[in-house]
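Some features that Swiss-Prot has for this protein:
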BINDING   182-189, 207-211, 229-232, 299-302, 326-328  GTP binding site
BINDING   Ser189, Thr209  Mg(2+) binding site
DOMAIN    1-175  domain 'Obg'
DOMAIN    176-345  domain 'OBG-type G'
Amino acid sequence: MFVDNIRIFARAGKGGNGLVSFRRAKFVPKGGPDGGDGGDGGSVILEVDPHTNDLRSFFYDPKLIATDGVGGQSAKKHGKNGKSVIGKVPPGTIIYRSNASSMAEATWLEREGEGIELEKIADLTEIGTRFTLCQGGLGGKGNWHFRSATNQAPTEAEMGTEGEEGVFFMELRRIADAGLVGYPNAGKSTLLGDISEAKPKVASYPFTTLQPIIGVVEFDSFRRCVVADIPGIIEGAHNNRGLGHEFLRHITRCKVLVFVLDMAGSEGRDPIEDLQNLRTEIKLYSEDLAKQPWFVVANKMDLEGAEENLANFRMRFPKVDIIPISALNGDGISRLRNRLDELVGYKFIR
């Protein structure tokens with residue numbers, strides 16, 4: 001199961017109350033105030049974890065609850081702080097705060113068609129980043145703090161403050177340098193397996209890829225890039241047909257788009273129409289995404305009719321950068337890897 005968006009409830013701990021207490025000891029019948037401070041409530045924290053691939057950990061238990069701080073004690077002893085809770089999220093997670101005060105209210109708003117207002121509060125892309133989703137409440141001060149020359153026996157102490165809470169939406173947008181875009185059965189999964197260490201499911205029927213898959217492409221001289229393969233796009237994807245939005249959002253961070261076309265025209269497809277339609281879907285979904293650099297991978301060049309279709313394709317799109325390949329037998333893969341290195345390759349330290 002792959003989960004790339006989820007609604008959760010989060011609540012930080014309440015601060016412990018300060019204590020009203022007076023020192024009582026042998027030979028000290030009227031000791032001064034000694035009430036300690038309450039402990040701070042635990043916070044709810046999100047941490048970007050490189051080993052977390054999606055948001056499935058929140059699917060069956062969509063809540064993060066921190067513990068309350070403990071009240072102050074006598075002898076000026078500070079109450080124990082509440083324990084913070086840390087939720088692991090993958091790189092590329094966007095956090096939204098909703099206007100719903102509870103999960104029940106959020107469900108009601110959705111069911112009644114009222115709509116939920118969302119405020120973007122974080123875009124977590126850097127590994128190791130910690131983001132405080134809900135701040136724990138502060139512990140109250142004990143009566144020891146309220147002593148004065150005119151009030152040596154204060155009976156006042158502070159209450160701990162409430163911790164923050166709310167309903168939040170988390171959305172995963174994969175982080176990749178290049179995104180493979182194409183129709184179902186265009187050969188994207190086979191291609192990703194050829195150029196990287198990814199092991200996507202491959203079969204000769206459409207929609208083999210049912211979730212975004214990330215592959216790391218290693219080059220010479222300690223260089224690499226990250227490539228995302230999203231499930232095949234269909235007409236109307238920009239309107240969320242076929243869960244288009246669920247898939248397209250995973251390539252919004254890509255620096256270059258790679259349109260993978262079945263140049264042999266298998267299943268009666270026309271490569272020229274395919275490119276035009278794919279470009280249209282991308283533009284209708286996001287003008288900014290459509291402005292990103294792109295090139296075409298002409299796949300299935302080992303099949304009958306591919307050479308003739310490629311010649312017609314070049315005549316129709318004379319300025320488009322085209323790399324002919326056969327993902328099945330490996331022809332053209334080296335040239336594709338070189339192009340990716342030129343466009344988005346970067347140095348890394350092992």
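Cβ from N, Cα, C; glycine included.
According to DSSP, Ser189 (Mg(2+) binding site) is assigned to a helical segment. With the fewest other C-beta atoms within 10 Å around its C-beta, Asn185 stands out among the binding-site residues Asn185, Ser189, Ser326.
DSSP gives Ser326 (GTP binding site) a strand state.
Comparing local CB density within 10 A for the binding-site residues Gly182, Lys188, Pro231, the maximum falls on Lys188. Cα-Cα distance from Ser189 (Mg(2+) binding site) to Gly182 (GTP binding site): 10 Å (rounded to the nearest whole number).
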